[in-house]
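Take a look at the structure below.
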Amino acid sequence: MESTGGPYLNTAAVTSPVGIARLLQMTFGCTTFSLVAHQGGFSAAYGTFCMFVWTFCFAVTVFIIACEFTHLHSCLSISWGNFTAAFAMLATLMSVTAAVIYPLYFVQLGCYPIGCEVRDFRIAASVFAGLLFVTYAAEVFLTRAKPGQVTSYMATVSGLLKIVQAFVACIIFGALVNDSQYGKYVATQWCVAVYSFCFVVTVVVVAFSVTGKTALLWFPFERSVVVYTLGAVLLYVSAAVIWPVFCFDSKYGSPRRPGLCAKGKCPWDSQLVIAIFTYVNLLLYVVDLAYSQRIRFVSHL
């Protein structure tokens, strides 16, 4: 076998600051879902979501460490820098969500009725879930693009914001399907179309970046992304005006939460969540547009 001119194993994958952060992610992730599966327990959709987050992030982190340690990532037909940056941001959002949901629904100070041992396991799992979020956030901080640096798109502020925008859109979709009554008016259906269109295009932008296929496009990718971001800002402005009017104005909806509305099954609650995250995503797209004016990146890193 011919020598490749370098070591077969990349020790920097586990000794660099980013490598150490990934080892901690693997450790904290495994510890978290092991504590929950062994004694802490979980139930319902909330618990299942948390377990999915921890196991999914653990599996992908192990895959990333293995590929970088053995140089196998060079054999993959994807933009490795874009992939790892996108996953780190996604894992940060998913892990912070699980770190909030699990203790909120499963942790209690008293022992009754679950028993002190189960309570202690759930508290320990919550602590490690919080540490897991910190390590993923640390990786995002360490790998983010520095000012003036030529880097992969997903490592820039604009690229990272694309992941956050898609994640917020998923929250909006979750509220929409939870009896939000968006089908009552054409105006609110327009808002749903805005959320769907922007989500799909944002996912397409991320997909092209991660697969490294931007150079094959017949149009300039960077300029197209900026134009799309401007369009998304205008679309979200329309939704940010229309949705509150048709949900909370007394002519079309209710400015206050109905007193007889059941907790967890109230359309007004879903409408409020959608309104809040509409403004959150509008702000994200505005910031994205501002940062996209001064970034430089290459698609193959």
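Glycine too: its Cβ is placed from the backbone N, Cα and C atoms.
From a predicted model like this one, the values you see are computed outputs, not experimental measurements.
The domain 'MARVEL' annotation in TrEMBL covers 13-148 (among others). Per-residue pLDDT, averaged along the domain 'MARVEL' (13-148), amounts to 94 for this model.
As annotated by TrEMBL, transmembrane segment applies to 44-66 (among others).
Annotation comment: TrEMBL describes 78-101 (among others) as transmembrane segment. Within the chain carrying the transmembrane segment (78-101), a Cβ under 8 angstroms from the stretch's Cβ atoms is held by residues 25, 46, 49-50, 53-54, 56-57, 60-61, 64, 67, 126, 129-130, 132-133, 136-137, 139-140, 143-144, 151-155, 159-160, 163-164, 167, 206, 209-212, 299-301, all 6 or more beyond its ends.
Long-range contacts of the transmembrane segment (121-142) within the same chain: residues 17-18, 21-22, 24-25, 28-29, 31-32, 35-36, 38-41, 50, 54, 57, 85, 88-89, 91-92, 95-96, 98-99, 102-103, 106-107, 114, 160, each at least 6 residues beyond the stretch ends and with a Cβ under 8 Å from a Cβ of the stretch. Among the features that TrEMBL reports, transmembrane segment is placed at 121-142 (among others).
According to TrEMBL, the feature domain 'MARVEL' maps to 153-297 (among others).
Counting residues 6+ beyond its ends, the transmembrane segment (154-177) has Cβ neighbours under 8 Å at 81-83, 85-86, 89-90, 93-94, 140, 143-145, 192, 195, 198-199, 202-203, 205-206, 209-210, 225, 229, 270-271, 273-274, 277-278, 280-281, 284-285, 287-288, 291-292, 295, 297 in the same chain. TrEMBL lists 154-177 (among others) with the feature transmembrane segment.
The transmembrane segment annotation in TrEMBL covers 192-218 (among others).
Annotation comment: TrEMBL describes 225-246 (among others) as transmembrane segment. Within the same chain, residues 158, 184-185, 187-188, 190-191, 194-195, 197-198, 201-202, 205, 252-253, 271, 274-275, 278-279, 281-282, 285-286, 288-289, 292-293 sit at least 6 positions outside the transmembrane segment (225-246) and bring their C-beta atoms closer than 8 Å to a C-beta of that stretch.
For the transmembrane segment (272-291), same-chain residues at least 6 beyond its ends with a Cβ under 8 Å from one of its own Cβ atoms are 156-158, 161-162, 164-165, 168-169, 171-172, 175-176, 180, 191, 195, 198, 226, 229-230, 232-233, 236-237, 239-240, 243-244, 247-248, 257. Residues or ranges marked as transmembrane segment by TrEMBL: 272-291 (among others).
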